[in-house]
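Copied over from TrEMBL:
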- ASP36, LYS41, THR92, THR128, GLU162, LYS273, ARG340: NAD(+) binding site (BINDING)
- PHE159, LEU160, ARG161, GLU162, LYS214, PHE259, LEU260, ARG261, PRO262, GLY263, GLY267, LYS333: substrate binding site (BINDING)
- CYS270: active site, nucleophile (ACT_SITE)
- 326-427: domain 'UDP-glucose/GDP-mannose dehydrogenase C-terminal' (DOMAIN)
Amino acid sequence: MNATESPRLTVIGTGYLGATHAICMAVLGFDVLGVDVDERKIAKLASGEVPFFEPGLPELLTKALESGRLRFTTSFEEAGKFGDVHFLCVGTPQRPGSDAADLTYVDAAVQALAPHLDRRVLVVGKSTVPVGTAQRLTGVLHELAPAGDEVELAWNPEFLREGFAVDDTMRPDRLVFGVASDWADERLRAAFQPILDIGTPVVRTDLATAELVKVAANSFLATKISYINAMAEVCEAVGADVSDLADSLALDDRIGGKFLRPGLGFGGGCLPKDIRAFAHRAEEIGVGQAVSFLREVDDINRRRRARTVDLVRELLGGQISGRRIAAWGAAFKPNSDDIRDAPALDVARTMHGLGGHVRVYDPAALDNARRAYPELRYGDNALDAAEDADVVVLLTEWADFREIEPDALAKVVRHKRIVDGRHALDPARWRAAGWEYRALGRA
Ligand code: NAD
């Protein structure tokens, strides 16, 4: 096959990233095979069910399956036969007991695939990995693949946001192609042709830079969030208002308002583990000092969780034990059911550990939360969770919570006290309705 011909794609690892990528690529007209070691996940996807919450994705999965362009398998042999371009989308979580990234899944996927690569194909890493991984995996592929160094590796970091994953995949801000040859570049261009056709900018670079772009981007975003949360700490000390401060900064277009909302801080399956893995990797290669500020970014972020619990305690007159607490939110952010390192559940569990009677509600992540933390109690909806509550704590800024009327909530709670962990509510409105309102970084 010549390099510019439309390739057949495999997507290895069909979690949040891989399932979205496989489905979107099929909708864009490619023949796609999704591959995962999780048989239940593969069976669900093949039957038309997206195993996680992502707006717009179920409809596209149905469309892709009906088109006959999307199939799923657990067989790496089938993947090797089928694919011209193989996307690696497996997880790279934090290694237990360490800040480093756990590359077990990436290594296992490459080792399972390589023996079936008997012709010239391109393997494309999309997972977030420590810099240097691609170079190491290139060696593994050359050693294990029957086609030897005919098999090439490229890195194409992924920037999609859960909750906006379809749009971010179909219309990304940019594509980064880390390649070692013109052939790999041409193959990648062919694999993204419909996305290039809409004018998406491409940065062509080397493998190491492509790996770094992703962790650099996440480090920047995490730093911006922790920056405004550090300002919140200062505001609290002097009785200033971090919300007004953030609004004022946001009006400076050199700064901008995105990722500048003060509150409970970041979580999820990416930012926390990515900044830790980056700091760890930088130390390994002798440039730890260059990014040592990321440790501080992480610490500021963790302090916000503890401070939220303090605010609840203060509002309850110094005692959490025995008090009824409605925890609104479980997902690490709205429009997602992802509870990995979710600040909301961290706070809910801490308050539970302190003897609080915590009842959690989340519009999408309830099942995941129940499975992970059966010790917590759960409500059927926001008002149910708030029944007889001594305090309501907003922890994930779902629109559903913002839309609740202070008077409607007042009818179900025992005391009109609310902690707005996300600066999602209008304090004037809640106070006017007789509520005691508290938020981080606000007098
Ligand atoms: P995930 O846990 O949802 O999915 C990972 C999938 O890989 C799972 O379905 C798992 O069964 C599968 N898997 C594990 N080992 C495998 C193997 N040997 N062969 C085949 N499949 C295997 O993770 P995710 O959120 O989709 O993240 C994947 C990668 O993408 C991570 O590196 C992450 O940092 C990165 N990323 C994620 C996002 C996001 O928003 N979720 C955004 C950008 C980048």
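Just so it is clear, glycine is given a Cβ too, placed from its N, Cα and C backbone atoms.
Across the domain 'UDP-glucose/GDP-mannose dehydrogenase C-terminal' (326-427), the model assigns an average pLDDT of 98. Close to ligand 1, meaning a Cβ under 6 Å from one of its atoms, are these of the binding-site residues THR92, GLU162, LYS214, PRO262, GLY267, LYS273: THR92, GLU162. When the alpha carbons of THR92 (NAD(+) binding site) and CYS270 (active site, nucleophile) are compared, the span between them is 9 angstrom. Neighbour counts were taken at the CB atom with a 10 A radius for the recorded positions LEU260, CYS270; the maximum falls on CYS270.
Closest by Cα distance to LYS273 (NAD(+) binding site), from the binding-site residues PHE159, ARG161, LYS214, LEU260, GLY267, is GLY267. Within the set of binding-site residues (ARG161, LYS214, ARG340), the lowest number of other Cβ atoms found within 10 Å of a Cβ is recorded at ARG161.
Largest CA to CA distance in the NAD(+) binding set (ASP36, LYS41, THR92, THR128, GLU162, LYS273, ARG340): 24 Å, whole number.
Taking all protein chains in view, 23 other C-beta atoms sit within 10 angstroms of the C-beta of GLY267 (substrate binding site).
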